[in-house]
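*Asks:* Dropping a structure here in C-alpha cells format, bear with me for questions.
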C-alpha cells in the first residue's frame with residue numbers, strides 16, 4: 001500500500017504542474033477555438049488524474065496513517081493514538097478537497113456536453129459525487145466547529161455551497177439562454193483555483209511557513225480562493241453580456 005501511495009503521490013505532483021500551466025491557455029485563448037478546446041481537454045484530463053490520485057492517497061492514508069506518515073519509526077501507543085487522530089482529520093480534509101476538484105471538473109465537462117439539455121447531469125454517477133461532497137463537507141464542518149479549526153470550517157462551507165449550487169443548477173425549473181456557458185466557466189475556474197491552492201498551501205507550506213507565522217499561514221489557503229472568486233464574479237458579468245445570457249428557456 002505504501003508503494004501505491006508513493007506512486008500516486010509522484011503522479012499527483014507531476015500532473016499537477018501540467019494542470020497549472022494548461023489552466024491558463026483556455027482562459028486567455030479565444031473561446032471555442034481549437035487551441036482553447038485542446039488545452040481545455042489537457043486540463044480536464046489532468047484534473048481527473050489529480051482528483052482520483054488524491055482520493056486514492058487519502059483512502060490509504062486514512063486506514064494506515066502511521067505507516068504512510070512515519071514509516072518504520074518506533075512510537076508509543078499514546079503517541080500513535082494522538083498522531084492517528086490528527087492525521088486522519090487532515091486526511092479527511094484532503095479527501096474533501098479531492099472530491100471538490102472531481103465534482104468541479106466532472107460538472108464543467110458534463111455541462112459543456114449537455115448544454116441546455118440537463119438530463120446527462122441527472123445521472124446517478126454525477127449526483128453521487130455531488131452528494132458525497134455535501135456529506136463530507138457537513139461532516140468536516142461539524143468536526144471543525146467542535147475542534148475550533150477555522151481553515152477546515154471555511155473549506156467545508158465552500159464544499160457545501162458548491163454541492164448545493166450544482167444541485168440547484170441541475171434541478172431548477174428553467175435555465176437562462178446560454179446559461180450553461182457561465183456554469184461551465186465557473187466550474188472549470190473553480191477547479192483551477194483548487195490546483196493553485198494545493199500548490200501554495202500544501203506543496204509550498206514548508207517554504208512558506210518560514211515566512212508566514214501563526215494565522216498568516218492561512219493566506220496561501222484563502223488568497224487563491226478570494227482571487228478566484230472575484231475573477232469568477234467579473235467573468236460571469238463579462239460573458240453574460242458577451243454571450244447574451246438572458247431571458248428564460250425551458251430545460
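If you go along the chain as it appears here, the first residue is 1 and each next one adds 1.
Note that Cβ sites are derived from N, Cα and C of the backbone, with glycine treated the same way.
Just so you know, TrEMBL annotations are computer predictions that nobody has curated.
Note that this is a predicted model, so its numbers are computed, not measured.
Sharing the record's features from TrEMBL:
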TRANSMEM  6-27  transmembrane segment
TRANSMEM  39-63  transmembrane segment
TRANSMEM  93-112  transmembrane segment
TRANSMEM  124-146  transmembrane segment
TRANSMEM  152-170  transmembrane segment
TRANSMEM  182-204  transmembrane segment
TRANSMEM  216-235  transmembrane segment
*Asks:* I need to check the long-range neighbours of the transmembrane segment (39-63): which residues 6 or more away from its ends have a CB within less than 8 Å of a CB in the stretch?
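*Replies:* 1, 4-5, 8-9, 11-12, 15-16, 18-19, 22-23, 25-26, 29, 69, 87-88, 91-92, 94-95, 97-99, 101-102, 104-105, 108-109, 188, 191-192, 195.
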*Asks:* Which of 6-27, 93-112, 152-170 shares the most C-beta pairs under 8 angstroms with the transmembrane segment (124-146)?
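*Replies:* When the Cβ pairs under 8 Å are tallied, 152-170 comes out ahead.
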*Asks:* Could you tell me what the rest of the chain brings near the transmembrane segment (93-112), counting residues at least six beyond its ends with Cβ under 8 Å?
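*Replies:* For the transmembrane segment (93-112), the far contacts come to 44, 47-48, 50-52, 54-55, 57-59, 62, 120-121, 126, 129-130, 132-133, 136-137, 140, 152, 155-156, 158-159, 162-163, 166, 169, 180, 183-185, 187-188, 190-191, 194-195, 197-198, 202.
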